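S.K.: Below are the features I grabbed from Swiss-Prot:
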ACT_SITE  Cys117  active site, proton donor
BINDING   Lys22, Asn23  phosphoenolpyruvate binding site
BINDING   Arg93, Asp307, Val329  UDP-N-acetyl-alpha-D-glucosamine binding site
MOD_RES   Cys117  2-(S-cysteinyl)pyruvic acid O-phosphothioketal
Amino acid sequence: MDKLIIVGGVPLNGSIRISGAKNAVLPILAATLLIEEPVILSNIPHLNDVTTMIELLGRMGAQITIDERMSIEVDCSQIQNVHASYELVKTMRASILVLGPLLSRFGKAEVSLPGGCAIGSRPVDVHIDGMRALGADIELVDGFIHATVEGRLKGAELNLGKITVTGTENLIMAATLAEGQTIIHNAACEPEVQDLANFLNKMGARISGAGTDTIVIDGVDRLSGGSYSILPDRIEAGTYLVAAAMTRGHVRIRDVFPKTLGAVLEKLHEAGARVKIGENWVDLDMQGRRAKAVDIVTAPYPEMPTDMQAQFMALNVVAEGQAVITETVFENRFMHVHELQRMGADIKLQGSKALIRGKEKLTGAPVMATDLRASAGLVLAGLMARGNTIVDRIYHIDRGYECIEEKLAQLGAEIRRVSSHVYAARYAAQKRWL
């Protein structure tokens, strides 16, 4: 198991390119199951979750070709089975996204209940209730969702009980080949939902309203193949901007959609950053100043994403002043707090709130990642800690960040990846000399 070793205290400076969005490419890969012709996808991030989704499609019979630029051709014309095994689904919650397209195109699906990050209850009730409203028969048997439909799914008016990104995406895909019109109320508005709709529309779907809380899908008989480029990852972009702010640096991120970063940029400006925006870039300069503490309340888009909560917590623990972070999207998403406290952070938890008093510096320590975004927060904290910070269980971070140590090193950070057996050997050697 790999670890990251970080020597803190270096301001980040320079320019990096932002990768394609993990939360956009996964539903779009699942959506290729709706299409009988080859699809070429570009701007694909090299991530463990993407590899898992590709393997899942491959086991179903999809023919997949990857070139040296990480463009992917997916041909789902010869799908042989509609079974998504527990072995793969347990590692990634987004695997549930194959349910809608399998059911819509093939009239049946067997999908294991998902796994993924341990950050609270994220039930699939919205997915199942929506599929049933579209005419599917669904049973839960031995940890699997067994879904069937006679003929085609039928369009319906759906009122989602809670805002859910994957639930909205799954129901969009299910409705794309359904008979008649489907209207989704209380739909998620995230840019990744819009990207899925844009992709499907380019392949021949008839979807309107994506980006609002009411999405209308007029079902079509079939989709055609084509090519599509995945939108940039706003969470990766936000992570590097926060890293620059908390290290008092000056960083430009390229190949981004600044309009998707509104809430993040607003808080970074409030923290004292000078922010400039271009068509596809953002420039952040702290001019050597310490960041000011900022209150954060997570909420669905266009408000502050819950996936940026841990990063802003890392900023606040070394910022000037006090801040309150309120988590409204997921329960149990403060598991990184105890690890930050090991580094000297002054954080007190009160239910869904974290009360933070900023310190000038943290102290490096061994810490353990508990989920994808928590691991990013710990890496950022390590950038401002005295001495060495060792982040363990970084397989979490590899699920959502492409080459994070290389990009941070490109900006001047002292960071390296080592395998556990190499680290253990070095630690043992050091002890012999003590």
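Using N, Cα and C of the backbone, Cβ positions are placed for all residues, glycine too.
Burial and contacts for the listed features, if you can.
M.R.: Listed in sequence order, Pro45, Leu47, Asp49, Val50, Asp233, Ile235, Arg399, Gly400 are the same-chain residues at least 6 apart in sequence whose CB falls under 8 Å from the CB of Lys22 (phosphoenolpyruvate binding site).
DSSP classifies Arg93 (UDP-N-acetyl-alpha-D-glucosamine binding site) as helix under the three-state reduction.
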S.K.: Would you count the other CB atoms within 10 A of the CB of Arg93 (UDP-N-acetyl-alpha-D-glucosamine binding site), including those on all shown protein chains?
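M.R.: I count 19 other Cβ atoms within 10 Å of it.
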S.K.: In whole Å, how far does the CA atom of Asp307 (UDP-N-acetyl-alpha-D-glucosamine binding site) lie from that of Asn23 (phosphoenolpyruvate binding site)?
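M.R.: The separation of the Cα atoms works out to 11 Å.
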S.K.: For Val329 (UDP-N-acetyl-alpha-D-glucosamine binding site) and Asn23 (phosphoenolpyruvate binding site), what Cα-Cα distance in Å is obtained after rounding to a whole number?
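M.R.: Between the alpha carbons of Val329 (UDP-N-acetyl-alpha-D-glucosamine binding site) and Asn23 (phosphoenolpyruvate binding site) there are 16 Å.
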